[in-house]
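Participant: Grabbed the feature section from Swiss-Prot, which reads as follows:
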BINDING   Gly4, Ile5, Val6, Ser144, Ser145, Thr146, Ser158, Val159, Ile160, Pro161, His162, Thr163  2,4-dihydroxypteridine 1 binding site
BINDING   Cys47, Leu48, Thr49, Asp61, Val62, Met63, Pro64, Glu65, Thr66, Gly100, His101, Val102, Lys135  2,4-dihydroxypteridine 2 binding site
REPEAT    1-96  repeat 'Lumazine-binding 1'
REPEAT    97-193  repeat 'Lumazine-binding 2'
Amino acid sequence: MFTGIVEETGTIQAIKKTGLSMALTIAASKVTSDVRLGDSIAVNGICLTVTGFSDNQFTVDVMPETVKATSLNGLSKGSKVNLERAMSANGRFGGHFVSGHVDGTAEITRIEKKSNAVYYDLKLSPELTKTLVLKGSITVDGVSSTIFGLSDESVTVSVIPHTISETIFRTKAVGSIVNIECDMIGKYLYRFLHKTEQTKSNQTITEAFFSENGF
């Protein structure tokens with residue numbers, strides 16, 4: 001479990017591709033201070049398992065499905081990435097519940113600075129937006145963000161200058177692809193309500209069927 005509060009940005013040192021999978025070696029300082037084999041670290045919002053490490057770098061394996069569903073294929077040596085260690089039981093909870101299981105990607109279509117905030121318009125699938133709500137939470141490349149605008153195929157988030165300077169938001173431009181994880185609570189609620197509606201519909205059909213057939 002993560003919070004969406006990025007601890008530091010790391011630098012891609014090496015990318016090893018094997019078939020449809022890959023291994024990433026990432027230079028970092030803070031997240032490697034107490035790292036152990038098997039630890040979970042969110043890389044641009046994606047929960048990945050540490051398979052090797054040294055003093056100032058660590059390696060993670062990326063499965064084919066993760067490569068396909070995220071923006072990791074766009075990384076190259078020298079790319080910056082957002083990093084967050086899994087939340088400890090006694091840690092502070094500063095963002096929102098983030099699983100590290102990315103739902104898909106979005107394209108940045110507009111960036112506008114207003115006063116002390118920067119607004120990002122993100123184009124994404126209606127399959128993702130249907131679980132979102134205004135003023136709700138969404139994770140963008142591992143950053144816990146608040147939704148200020150919402151339509152069937154777009155979301156607007158507002159980011160403060162501190163977050164931009166401390167994360168890879170500072171490298172983003174119109175056309176950039178970002179990883180998206182929708183709010184976990186919203187997804188569960190949508191699933192629950194959708195399944196309840198289906199159950200009611202099925203019950204109505206079944207009762208009508210029996211009635212029409214003399215039962």
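A Cβ is built for glycine as well, from the same backbone N, Cα and C atoms used for every other residue.
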Participant: Work through the binding-site residues one by one (His101, His162) and point out the residue whose CB has the fewest other CB atoms within 10 angstroms.
Facilitator: His162
Participant: Nearest to His101 (2,4-dihydroxypteridine 2 binding site) in three-dimensional space, by Cα, is which of the binding-site residues Gly4, Val6, His162?
Facilitator: Gly4
Participant: Who sits close to Thr66 (2,4-dihydroxypteridine 2 binding site): which same-chain residues at least 6 apart have their Cβ under 8 Å from its Cβ?
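Facilitator: Looking at Cβ-Cβ distances below 8 Å from Thr66 (2,4-dihydroxypteridine 2 binding site), excluding near sequence neighbours, one finds Ile46, Leu48, Leu72, Val102.
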Participant: Can you name the residues of this chain that are 6 or more positions from Gly4 (2,4-dihydroxypteridine 1 binding site) yet have a C-beta less than 8 Å from its C-beta?
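Facilitator: Same-chain residues close to Gly4 (2,4-dihydroxypteridine 1 binding site) (Cβ under 8 Å, separated by 6 or more) are Gly45, Glu84, Gly95, His96, Val98, Ser137, Thr139, Gly142, Val143, Ser144, Ser145.
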Participant: Could you find out if DSSP has His162 (2,4-dihydroxypteridine 1 binding site) as helix, strand or coil?
Facilitator: helix
Participant: Does Pro64 (2,4-dihydroxypteridine 2 binding site) have same-chain partners at least 6 apart in sequence with Cβ under 8 Å from its own Cβ, and which are they?
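Facilitator: The list for Pro64 (2,4-dihydroxypteridine 2 binding site) reads Gly19, Leu20, Ser21, given in order along the sequence.
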Participant: Could you measure between Ser158 (2,4-dihydroxypteridine 1 binding site) and Lys135 (2,4-dihydroxypteridine 2 binding site) for me? Cα positions, answer in whole angstrom.
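Facilitator: Their Cα atoms are separated by 11 Å.
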